[in-house]
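See below for the structure under consideration.
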């Protein structure tokens, strides 16, 4: 048995999400079907760093899987890349230790969130950035001040979607940045941390949009973290703006979430 | 009767092209259907600066149309923008002289062509840039030298697709540029000129790709222009890389094509 780690990019538009589920067209099912073809029709199970929801994209999703034999890496990558649909790309494949785990060994994840603030909406971005539909200016400086409260180790219970069964909701955010592009057409949120709860990034973005509009106070994130109370947070932002950009690993440093 | 000029952006992916045709889902039909709703169910005919083919995009397509009454411009733009499908955006609407014509008054057009040279293919770009599928390096300098021969006034017969009924094939190219993005992931071709023949930009790009691969000589464009012979040109590049970016007008300077 040889264990492989692969870095995957996908356009989530036409998927019900990453993880296999009944009645859903998923990225996992496409990858497993292709691996099965490359493995003498024997089933191959893949494990990802985490699931992504319907419509959410990935540039740097990481998976692991086992094959009975050693393969030539670039040949395996090329076969996987070209035999999966055009909305999935296999960026790299490497051999890893037999106990490497794409989910449990992840120590840091980076998410991007693209918010289209152009007028009118740019048609080419409609599946690749969320559209900010309201009139009135978003105060980027106010949003940046509010985001600064995220950096550090906190209990993120207030930012966890209902239905999550995760018990430990303490995570460390290393970076929370917000940039406006040259043409004032798009906002890019960057979140980097040890792990993220279910829908946490989208709830953070939904909250920050309300702060930028002046509809939630600048200290609402601080209060949500202190109290764990969902009354301080905004709605969940749309999935099409979200990208899982990178997952980092360090065998000596296992992380949760 | 009041004549209006509008600047339109559209994602051409799901259309059979701009111009209305039998059995085709077209941008023109969507715009005319929306205008009819805004005009007490009376038909409104639109005229564009030119057609675009299936899969080709536009950021700055220009149309004109007539309505029986004077309208508030921003209200009309907003109604058109929001009542057309999400893959069509109406960027601006203005009142123009009764004899303004989107096609016959155009004096300059700018096209962009995006070529994705990343490995593997970036899934998010698959409908918004053409993918260069071959291995081996594209020699950008060689392509630039070859493109330089385009600038000026020439008979572009060799670069006109079969089936075009246009008789005068003399056009003036003002700018022919090629840039590589920071990450060496994408080539951007820029063509600006008095007019372009049917499929001319895509045949130019197909020819330049062959030059960059070393499969056509650097003087092949010069020879194609001199002789009008199609044997010097390459294949027609795919539609998804092409964008009609801008159309310029000058009432005192009518142009053909």
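Every residue, even glycine, has its Cβ placed from backbone N, Cα and C.
Those TrEMBL annotations? Automatic predictions, nothing curated.
Residues or ranges marked as domain 'Pseudouridine synthase I TruA alpha/beta' by TrEMBL: A:6-105, A:148-250. Taken from TrEMBL, the feature active site, nucleophile covers A:53. Annotation source TrEMBL lists substrate binding site at A:111.
Mean model confidence for the domain 'Pseudouridine synthase I TruA alpha/beta' (A:6-105) is a pLDDT of 95. With helix defined as DSSP H, G or I and strand as E or B, the domain 'Pseudouridine synthase I TruA alpha/beta' (A:148-250) counts 32 helix, 31 strand, 40 coil. Each of the recorded positions A:53, A:111 was assessed for Cβ neighbours inside 10 Å, and the highest tally belongs to A:111. Each residue contributes its Cα atom, and for residue A:111 (substrate binding site) and residue A:53 (active site, nucleophile) these two points are 13 Å apart.
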